[in-house]
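These features come from Swiss-Prot:
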- ARG55, THR56, ARG106, HIS135, GLN138, LEU268, PRO269: carbamoyl phosphate binding site (BINDING)
- LYS85, ARG168, ARG230: L-aspartate binding site (BINDING)
Amino acid sequence: MANSLYQKHIISIPELSRQELELIVETAGKIKKEPQPDLLKNKIVASCFFEASTRTRLSFETAIQRLGGSVIGFDTAGNTSLAQKGETLADSVQIITSYADAYVMRHPQEGAARLASEFSNGTPVINAGDGANQHPTQTLLDLYTIYETQGRLDNLNVAFVGDLKYGRTVHSLTQALAKFEGIKFFFIAPEVLAMPDYICEELDELGIEYQLVESMDDAIPELDILYMTRVQKERFDESEYAHIKSAYILSAENLQPARENLKVLHPLPRVDEIDTDVDATPHAYYFQQAENGVYARQALLALVLNETL
């Protein structure tokens with residue numbers, strides 16, 4: 001398969017084809033089985049996090065170093081010229097990309113990654129999250145994890161639970177899975193946190209089946225993947241939050257009627273939406289999912305920075 005990802009900006013999931021997603025998943029699996037310590041030899045990657053991050057930043061930096069590359073950058077914008085001296089984001093990007101072979105950026109402003117790609121002088125920009133907009137590399141590790149546990153990306157029943165309105169991870173993953181065949185979605189959320197209309201309209205246009213379900217228990221027996229998210233307390237008053245939260249807590253008891261192959265995923269951090277008794281079940285896979293972030297990001301970096309592998 002030709003590597004169409006070479007020197008490509010990775011800004012949003014809709015801009016990646018099914019073939020490109022499959023190439024990343026395949027490459028992640030190969031790297032997990034057989035480490036490749038020289039794929040980024042003599043390469044420098046700028047890791048610029050204008051917003052707090054733990055898993056994404058550390059997994060990117062681990063991925064770069066395990067491939068033999070070097071990292072420059074920062075994990076807070078507070079001490080940069082952007083914050084201290086009023087430098088524009090466009091100017092900052094132009095300077096930093098002149099030092100590096102790729103530019104990984106997280107930023108609180110929606111559209112910041114797209115802006116960076118316009119001022120990077122051809123250096124590939126990888127979006128590590130831009131506000132509530134897109135988080136494409138989380139989607140890549142999610143896809144790899146689904147493939148690793150199910151052996152396929154077609155013909156799957158997938159449920160998303162919790163905050164489907166503001167959760168950028170569920171938007172991106174829905175758009176990615178919509179590129180595959182035989183996918184059926186279950187959207188389980190309170191009405192105030194329902195999946196946005198534009199996502200449902202995209203699925204309608206593609207003829208992809210989805211159901212709006214009030215209870216997890218109604219969907220669990222049919223599922224291959226149960227993707228949990230945190231309901232954000234700050235969006236509700238105390239009484240409303242208590243009611244909503246209690247309806248979307250997963251326990252080991254909920255999983256008793258589940259298929260043997262069902263895996264529970266979560267972008268983390270969890271608060272109390274997954275009971276700790278789920279951790280000991282064979283369905284729990286969220287910690288392995290987080291670990292897979294290193295392999296998915298290794299695969300992406302290797303493909304973006306190498307014409308052939």
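Using the three backbone atoms N, Cα and C, a Cβ is placed for every residue, glycine included.
Here the features listed in Swiss-Prot are placed on the structure.
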residue: ARG55; record: carbamoyl phosphate binding site; Cβ neighbours (10 Å): 16
residue: THR56; record: carbamoyl phosphate binding site; Cβ neighbours (10 Å): 23
residue: ARG106; record: carbamoyl phosphate binding site; Cβ neighbours (10 Å): 25
residue: HIS135; record: carbamoyl phosphate binding site; Cβ neighbours (10 Å): 26
residue: GLN138; record: carbamoyl phosphate binding site; Cβ neighbours (10 Å): 24
residue: ARG168; record: L-aspartate binding site; Cβ neighbours (10 Å): 19
residue: ARG230; record: L-aspartate binding site; Cβ neighbours (10 Å): 19
residue: LEU268; record: carbamoyl phosphate binding site; Cβ neighbours (10 Å): 18
residue: PRO269; record: carbamoyl phosphate binding site; Cβ neighbours (10 Å): 9
Largest separation between Cα atoms (Å) of residues that the record links to carbamoyl phosphate, namely ARG55, THR56, ARG106, HIS135, GLN138, LEU268, PRO269: 17
ARG230 (L-aspartate binding site) as reference: those binding-site residues from ARG55, THR56, ARG106, GLN138 with C-alpha within 10 Å of it: none
Candidates THR56, HIS135, GLN138 (binding-site residues) - the one closest to ARG168 (L-aspartate binding site) by CA: HIS135
Three-state secondary structure, which DSSP defines for HIS135 (carbamoyl phosphate binding site): coil
Any further residue of that chain within 8 Å (Cβ to the Cβ centroid of ARG55, THR56, ARG106, HIS135, GLN138, LEU268, PRO269) of the recorded carbamoyl phosphate site: SER53, THR54, GLY129, THR169, PRO267, GLY293
Conformational class of THR56 (carbamoyl phosphate binding site) under the three-state DSSP mapping: helix
